[in-house]
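Structure, as structure tokens:
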Amino acid sequence: MMKKMTGKTFALSALVAASFMAAGAMASDKTEPRNEVYKDKFKNQYNSWHDTAKSEELVDALEQDPNMVILWAGYAFAKDYKAPRGHMYAVTDVRNTLRTGAPKNAEDGPLPMACWSCKSPDVPRLIEEQGEDGYFKGKWAKGGPEVTNTIGCSDCHEKGSPKLRISRPYVDRALDAIGTPFSKASKQDKESMVCAQCHVEYYFEKKEDKKGFVKFPWDMGVTVDQMEVYYDGIEFSDWTHALSKTPMLKAQHPEYETWKMGIHGKNNVSCVDCHMPKVTSPEGKKFTDHKVGNPFDRFEETCATCHSQTKEFLVGVTNERKAKVKEMKLKAEEQLVKAHFEAAKAWELGATEAEMKPILTDIRHAQWRWDLAIASHGVAAHAPEEALRVLGTSVNKAADARVKLAQLLAKKGLTDPVAIPDISTKAKAQAVLGMDMEKMNAEKEAFKKDMLPKWDAEAKKREATYK
């Protein structure tokens, strides 16, 4: 167990690290964060990884579905939520999102340092230099000049080698917790475990000795029900909902967990099998394609290695599943949006905490289940049956909350339906919540103009000392 650093030991470790770098040594013995260092040694892999830049479209998910603004009221995701794109944009997008705010210095801003954790091989470098106590300490802006290389080689590979590795110690602890230590895993299993470093549900610890640390809620298992019991047991919440005052859970991107529930996971078809297939270079050399993307874009190298059906057939099946998942998603959202507004009205009419507690528990559980299903972006392919099951329980629990709310509101003298304001667009939904988006956007633009060039200049100066 790592001992907690005192202020003196933290300062000393920082001084040692700075001296080490000034001497012109590598920043880390285990991690080379600069992806371009490997462009000659692993030419095909590097070039295909670089092609993730072609996945450049930014899709505004809140504009597509304004319900989510209300569902995340009081949380950063109500400000800005874009659909994910290629690995090449990981650092760019976390810098640019309104969720990270507009910090003016290293101690400023709304989010913790942990928000860098899935974005860059600079993260394992920093953990190796400073320990987890040093890395997780402080605000997100502290990492601006340090975390500049986007998701790449050293996130998944040992330094200068194709050998796979877990580069973040909290992931090793999570895999141990579910009885699948990386050190004992097969190569096939490791090809999914390295993806599970980021494509998972996680939270930031609130315990004083681990405050801000990333942890996966897997102590009781990886199903939605098991994680829910875990979170309830430690009385954890990500935020308090601005309307209903519910202690909420925000699911992240649990692809690994939902993949395990589906037919591919149960048959141990790895992430790499479908998203990073073996291909042949123009020179006739076989290599793993690092342009992580949709398997249908490389059908012959992915799906066709197992399936006898045509591409058109399988695309059709997948689209049907997506449509069914979307239908259930919207049903859950309709119930949840109404539940939040009805709960707000109940508070307004004088409801007590004791009266509201069972209602808020239902809302918490319903939205957690909705969120876990929709935050797993590939769930319609990975585990459509599980997605529909989970969304079905979300609808039921939200309906339970609304039945209780109807009874409580009647007790308070209100028998008419609670009016739901116009939330038909992102802008209208944000206005209902009183969000000053013009101010937030202006502050973000000023941050990008003032702070980002400084961060990049500091990073360039630091990396110039590397051998």
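Placement of Cβ uses the backbone N, Cα and C atoms for every residue, glycine included.
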Binding-site annotation, Swiss-Prot, heme c 2: partner of CYS153, CYS156, HIS157 in HIS253, HIS264, HIS275, HIS290: HIS290
Given Swiss-Prot lists CYS195, CYS198, HIS199 for heme c 3, the same-site residue among HIS87, HIS307: HIS87
Residue, out of the binding-site residues CYS156, CYS303, whose Cβ gathers the largest set of other Cβ atoms within 10 Å: CYS156
Around the Cβ of CYS198 (heme c 3 binding site), the count of other Cβ atoms that are within 10 Å: 21
Shortest C-alpha distance to TYR202 (Ca(2+) binding site) - which of the binding-site residues HIS264, CYS274, HIS382: HIS382
Integer Å distance between the CA atoms belonging to CYS115 (heme c 1 binding site) and CYS195 (heme c 3 binding site): 17
Cα proximity to CYS118 (heme c 1 binding site), best match among binding-site residues HIS199, GLU201, HIS290: HIS199
Listed in sequence order, residues not in CYS271, CYS274, HIS275, HIS382 with Cβ within 8 Å of the centre of the heme c 4 site Cβ atoms: SER192, CYS195, GLU255, TRP259, HIS264, VAL269, SER270, VAL272, ASP273, PRO295, GLY378, ALA381
Helix, strand or coil at HIS307 (heme c 5 binding site) [DSSP, three-state]: coil
